[in-house]
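Q: Here it is, the structure, as structure tokens.
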Amino acid sequence: MHFSQRRWLHPIVLFLLAFVSTALGRVQEVHNVLELTGQKASKLRFSTDVATGKYTPPEEMDPQFWYKLADEEIAKRLQLPQPNSDKAKNVIMFLGDGMPLSTVTAARILKGQRQGNTGEESSLSFEKFPYSGLSRTYCANAQVPDSACTATAYLCGVKTNIISIGVSAAVNFNNCTASQDPANRLTSIGKWSQNATKSTGFVTTKKLTHASPCRENTKTANRMWQCDTDVTSYGVDASTCIDMATQLVTQTPGKNFEVMFGGGMGKFLPKTIKDSHGKAGERSDGVNLLSRWQGLHDKGVLVTNRKQLLNLDVSAASSIIGTFQSGLMDFHMDADPTYQPTLSELTEVAIKKLSHNENGYFVFIEGGLIDYGNHYTQAGYALDEALEFEKAIQLAREMTNISDTLIVVTADHGHAMSIAGYPGRGTPILGVNQHDTDINGVKYSVLNYAAGPNQYLDEHGQRIPLDDILGPDDAISPSYIDKEIGVHSGEDVGIWASGPQSHLFTGVMQQSTIPHLMAYASCVGSGKQVCESSRRKT
């Protein structure tokens, strides 16, 4: 687009992007596999040849490389004085999708400003946890990761290639055959916990089949294979390569989850019927996976709205599946509060259900739409989702006993958001920096993105004033590089921990070490366990 068009088109761009991002309350998918694999730049489509994509160090294709590295990182921590040898009966992992430290900081400030304070002095609930550290997020073949390879790291304990889920880095993009090789298939802490007779489940504000929440169960060479129609669209035989929704319902550990809450109802239903939200299903094979799930769980309960969820007797249900939108769940700010449950409400029901198992539980809870707010470069949405996330964490800590429940909070990857320019204390975090200007004397935004849809330039390529644009929660923040959406960033992300063995979640660690630390604390899996250390001492 020519500079002369930008000034006059930017209100239209604002409107269109706001409409796309909300779409009458619907959050739209933004992830592009060609962009993530690097094939968008090379103009190649759906290649499985690693030479056309991104380089993977050969030694990192072996899962044992990452297991050994995790053992070394745990051993270093165990050489330090250990405050206790307590076992975590329960483990709750909270994941803020696309939540860099800049988003944590900005959300903290917004929280304080909503309370009438300057904001900088405020704290999020998980920032009060006694231990914190940093997680290195790169993938086996990507300097900057996506939610698929990162989820494989923090749930399976192995780093893999970008877009891959639950398989080793020996599997290339879209290669179904390699993904089915038993040597390349990984297990998750969800499976390890089930093997230890613990209850398991997951909660997300995205689709149940999305890249982060589905990592406990699925194994796939393409994160977009969420239903059979998706598999076919990538040139792969859906009868041979099982889609993620089918895996979730029919295979372990997915079919044994006692709680599955999120959106994405359409991925489980055929195109010939409408779902509970009035939209047609997405499956081409005619299979109703929700009916199949019901057949596998005699006392299983399906809920699709807030009223059904809150009226549910969790003690009478063997398992619960909640599908609260056809696709992604709505942003909290856009959602009908009488229809869509909040993340806190989902968290409360999940913990109540899983707590019935006296052997304990593992549950994964995701604030998934932080990522989407940042992709849209609509910081107000991202920060509001982060505040909903921290409320759920506070509730979980209040509902559980700190002596037997480990809570770990982290992010999968960052986003290229910055807070810069010396704004004074109390400057509205979603507004304009009133204390500095660019070289042309124009004030600029407190929050900026490296890439995104709007640079706010006039016909001469110069920045325009933003005082009448920024401020509303749904405003689009400025960006430097012109792209349809914002992009992930590759810096380390935070880890915060509270409960038994939380002292181990300090320092800088590989993201793939996180599930091994949780397994150590809860005495599951085949690696080191605190229970073994306790037995040796006695």
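Including glycine, each Cβ sits where the backbone N, Cα and C put it.
A quick note: this is a predicted structure, and the numbers were derived from the prediction, not measured.
Under the heading signal peptide, TrEMBL lists 1-25. For D97, D371, H375, D412, H413, H488, the entry in TrEMBL reads Zn(2+) binding site. Sequence annotations record features per position, and here TrEMBL assigns Mg(2+) binding site to D97, H210, S212, E366. Per TrEMBL, active site, phosphoserine intermediate is recorded for S147.
Situate these features within the shown structure.
A: D371 (Zn(2+) binding site) is surrounded by 31 other CB atoms, counting those within 10 A of its CB over all protein chains shown.
For S212 (Mg(2+) binding site), other Cβ atoms within 10 Å of its Cβ number 29.
Within the same chain, residues at least 6 positions away in sequence whose Cβ sits under 8 Å from that of S147 (active site, phosphoserine intermediate) are H31, D97, G98, H210, A211, S212, R223, D371, D412, H413.
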Q: List the same-chain residues at least 6 positions away in sequence whose Cβ sits under 8 Å from the Cβ of H375 (Zn(2+) binding site), in sequence order, or say none.
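A: Non-local contacts for H375 (Zn(2+) binding site): V30, G98, H415, I485, G486, V487.
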Q: Starting from the Cβ centroid of D97, H210, S212, E366, the recorded Mg(2+) site, name every other residue in that chain with its Cβ within 8 Å, sequence order please.
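A: Neighbours within 8 Å of the Cβ centroid, excluding D97, H210, S212, E366: L95, S147, A151, T204, T205, K206, A211, P213, G368, D371, D412.
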Q: Using a Cβ cut-off under 8 Å and a sequence separation of 6 or more, which residues in the same chain sit near H488 (Zn(2+) binding site)?
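A: Listed in sequence order, they are G98, V144, P145, D146, H413, G414, H415, A416.
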Q: Around D412 (Zn(2+) binding site), how many other CB atoms lie within 10 A of its CB?
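A: I get 29 for this one.
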